[in-house]
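As annotated by Swiss-Prot, domain 'ATP-grasp' applies to 101-301, with the evidence given as sequence analysis. Look at Swiss-Prot and you will find 127-182 tagged as ATP binding site, backed by sequence analysis. Among the features that Swiss-Prot reports, Mg(2+) 1 binding site is placed at 251, 268. Among the features that Swiss-Prot reports, Mg(2+) 2 binding site is placed at 268, 270, with the record citing sequence analysis.
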C-alpha cells in the first residue's frame, strides 16, 4: 500500500498564496511518484484534521509565521506524525533573523552588521548610517523590506504607521552592494548556487520573486571557482549551525562592485523555501540532476520526528 502523505499548505500568514502554490505543486509531484496524497489547507482546526487523517508523513509546504517558526512542527511532534524540513528549534531560530545571525556569526559565517530597534524609533531617526536595510524580524518573501540609500532620505515613515503589520521591533542592517546569490542545501550537501538578477530594481523584492519575468536566474552563478565554493561552504555551515534538516536555502550578497569591499555575507537561511517547479531550490536540484518528483520523494522519505 502506498504511503499516505498530508501536504500542509495555505494557512493564514501573509505568504498564504505562495504556500498554496508550493503545496499544490508538491502534491501533484507526489501523486506522480505514486503516493496517496491529501491536500490540507491549514486552519485553526488543524490538530483535529490531522488526528482524523493519521497520515504516514506530512510534507510541510507552509510559509511564514505558524508554518516555519516551530509552531506546526511542535504540533506534528505531539501528534507523532513524521514531517519534512527542519524541526522545532531550527525553525524558530532561523525565522528570527537577529538570533539566527548570532548563531551563524558564532559558527564563523559572515553576516551583515546591524541591530534591532523599535519601529517608531527607526521612523524618527536613522538607526544606522545609510545605506541600510530595514526588515521585519520574522517574515519571509521580502515582506516589509525597505532600503534607505543616503543621509538625505527621510527615515521610512511607514514604520510608524498603522500600515506596518510586521511587529514592533525591526532589524536594521548595513546594506551590502553587489550580487544576489542563493544556495540550496539538501541534507548534508550544498547542491549549487544561483545568481538572481531582478529585471527592474536592484534587489530581489516580492514582485521580483513571484511576478512572471520579475527576475533572471543564472544557474550556475558566474563566479570564480573559489567564490562559488565559498558560497556553498557558507550555506552548508549556516544550515548545520542552525540545526536545519532536509531542504534549506541560504540567501547571500556578494560585493564585487568596482572599489567594493569584496564582502560575501549570508542574509538569512530559509527553512521553508518555495517549492513550485520553477522555484529556486527545485531549479538548482534539477541542474544537479534531480527531477522535481525525485526531490519531493527524497523529502518525504527523509521525514521523521525529533528533527
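The backbone N, Cα and C atoms fix where each Cβ goes, and this holds for glycine too.
Here the features listed in Swiss-Prot are painted onto the structure.
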residue: 127; record: ATP binding site; DSSP (3 states): coil
residue: 134; record: ATP binding site; DSSP (3 states): strand
residue: 148; record: ATP binding site; DSSP (3 states): strand
residue: 155; record: ATP binding site; DSSP (3 states): coil
residue: 162; record: ATP binding site; DSSP (3 states): coil
residue: 169; record: ATP binding site; DSSP (3 states): strand
residue: 176; record: ATP binding site; DSSP (3 states): coil
residue: 251; record: Mg(2+) 1 binding site; DSSP (3 states): strand
residue: 268; record: Mg(2+) 1 binding site; DSSP (3 states): strand
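The Cβ of residue 169 (ATP binding site) has 15 neighbouring Cβ atoms from other residues within 10 Å, across all protein chains displayed. Once Cβ contacts within 10 Å are tallied over all protein chains shown, the binding-site residues 134, 148, 162, 268 are led by 134. Cα distances from residue 251 (Mg(2+) 1 binding site) to the binding-site residues 127, 148, 155, 270 are smallest for 270. Comparing local CB density within 10 A for the binding-site residues 155, 270, the maximum falls on 270. Recorded residues residue 176 (ATP binding site) and residue 270 (Mg(2+) 2 binding site) have their alpha carbons 19 Å apart, per Cα-Cα distance.
With all protein chains in the displayed structure included, the most crowded Cβ environment within 10 Å among the binding-site residues 127, 176, 251 is that of 176.
Comparing Cα positions, residue 268 (Mg(2+) 1 binding site) lies closest to 134 out of the binding-site residues 134, 148, 155, 162, 169.
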